[in-house]
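Feature annotations, courtesy of Swiss-Prot:
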REGION    1-224  region 'Pyrophosphorylase'
BINDING   9-12, LYS23, 82-83, GLY136, GLU150, ASN165, ASN222, ARG309, LYS326, TYR340, ASN351  UDP-N-acetyl-alpha-D-glucosamine binding site
BINDING   ASP103, ASN222  Mg(2+) binding site
REGION    225-245  region 'Linker'
REGION    246-432  region 'N-acetyltransferase'
ACT_SITE  HIS337  active site, proton acceptor
BINDING   ASN360, TYR361, SER379, ALA397, ARG414  acetyl-CoA binding site
Amino acid sequence: MSEISVIILAAGFGTRMKSKKAKVLFELCGEPMLFHILKKAYEITDNVNVVLHYDFENIKNIVLSKFPNVKIYKQDHENFPGTAGALKNINLNSQKTLIICGDMPLVKTAELKKLCKGETDINLSVFYAENPFGYGRVINKNGKILKIVEQKDANEQELKENCVNAGAYCFKTDILKQILPLIKNENSQKEYYLTDAIEIALQKKLKCQAIEVAEENFMGINDKFALSKAETIIQNEIKENLMKNGVLMRLPESIYIDSRAKFIGECELHENVSIIGSCVIENSIIKSSSVIENSHIINSDIGPMAHIRPDCEISDTHIGNFVELKKAKVNKIKAGHLSYLGDCEIQEGTNVGCGTITCNYDGKRKYRTKIGKNVFIGSDTQLVAPVEIQDNVLIAAGSTITKNVEEGSLAISRIKQENKPGFFAKFFKEIK
């Protein structure tokens, strides 16, 4: 039997999000909010459970793809709605059971561990709210907790209380098993509230303790405004940690960094940069208004206003303004401006001229372009894939390359220029 099990309640409909998408799947810094909570749970125990209902199969598959050992349960919402109803069919097999909500991504592991300490029968997380509206009130008399009343069921006097339920509990599991069958749905919503467990426990002379936690860490995400507030908080935490560990950021408040991104060595991010997905940035400079997605960048400078799309590997390279790469593997090259390099491999010493395009799509499928070492590509060149350019090749500006080019060659593909003397005056005279 494990010492602690964690149960994450994620069965709610999330109607205030005003979306068909399940609330716990809304992303914060690149990952679903439920993932943020699951990571914290696994820092406490390997015995982690999630209760779902709405969009069950979809959420289940998404969770198991990242956390394959999570035990997933489906709430019988028709017969047992509410937070206590969510626990009806769970296999409770630990000494203590920590119960947390799936919409509290800001919760800290240290506070959850504090909630699990001690020998009391029930530990309840509370905070003193400046504005308690919407929270369940923790009703007490002379410091003794009497009960928890939901906002919609509280009377006028109870609504004046500002000690509120933060939404996390730690039960001795044997106590939880005793209390769950005793919880009734005698309230305005006809739901089974886990908060009623406190009142039942006190009637049984069990020991209940309020554990004060930080309000900002237990903020529930109930609408998209709260979602934006939570993402701002997580962004600030990510950037503060990175800057303290050596990443230089200019105007950090304008920068977006995915929670999965990694930075190695001495890196620099300029204003309005977005780092999206599982990027790895090593000893590189990302200049103003550039976007990097799911790519690995080493010893390079990118931008300003460059777009590095997914699955790029860039090393010892200069990528300039208005250059877009996608599924590109490039090493020790220069692409200064206004180019699209997709589905390609470019080797060291190559210079990509302004306006170069790898034409990688024929309307049915994608094709790759291979470019060797020390290739000079003139401006306004189109490389129609599939095509291979071998080493030491010069491609004349304005060329459309449709055939492979052998090593050491000049490739030129354009109409011969013809000048017609006196044409300007003749042409405009006819117009008049």
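Every residue gets a Cβ built from N, Cα and C, even glycine.
Locations of recorded Swiss-Prot features on the structure.
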residue	record	Cβ contacts under 8 Å, 6 or more apart
LEU9	UDP-N-acetyl-alpha-D-glucosamine binding site	VAL51, THR83, ALA86, ILE99, ILE100, CYS101, GLY102
ALA11	UDP-N-acetyl-alpha-D-glucosamine binding site	VAL51, LEU52, HIS53, TYR54, GLN75, HIS77, ALA86
LYS23	UDP-N-acetyl-alpha-D-glucosamine binding site	GLY12, PHE13, GLY14, MET17, MET33, GLY102, ASP103, ILE221, ASN222
HIS337	active site, proton acceptor	GLY320, ASN321, PHE322, VAL323, CYS354
ASN351	UDP-N-acetyl-alpha-D-glucosamine binding site	ILE333, LYS334, VAL375, PHE376, ILE377
ASN360	acetyl-CoA binding site	GLY342, ASP343, CYS344, LYS366, TYR367, ARG368, THR369, ALA385
TYR361	acetyl-CoA binding site	TYR367
ALA397	acetyl-CoA binding site	GLY353, GLY378, SER379, ASP380, THR381
ARG414	acetyl-CoA binding site	ALA396, GLY398, SER399, THR400
Listed in sequence order, residues with CB under 8 A of GLU150 (UDP-N-acetyl-alpha-D-glucosamine binding site) and six or more positions away: GLY136, ASN187, GLN189, TYR193, THR195
Averaged pLDDT score, the region 'N-acetyltransferase' (246-432): 97
Structural state of LYS23 (UDP-N-acetyl-alpha-D-glucosamine binding site), classified by DSSP into three states: helix
Neighbour tally for SER379 (acetyl-CoA binding site), based on other Cβ positions within 10 Å of its Cβ: 17
Pairwise C-alpha maximum, in angstrom, for the residues (ASN360, TYR361, SER379, ALA397, ARG414) that bind acetyl-CoA according to the record: 22
Cβ contacts of LYS326 (UDP-N-acetyl-alpha-D-glucosamine binding site) (under 8 Å, same chain, 6 or more positions away): ARG309, PRO310, ASP311, CYS312, LEU341, GLY342, ASP343
Among THR83, ASN222, the most crowded of the binding-site residues [Cβ within 10 Å]: THR83
Number of Cβ atoms other than its own within 10 Å, given for ASP103 (Mg(2+) binding site): 25
Secondary structure of TYR361 (acetyl-CoA binding site) (DSSP, helix/strand/coil): strand
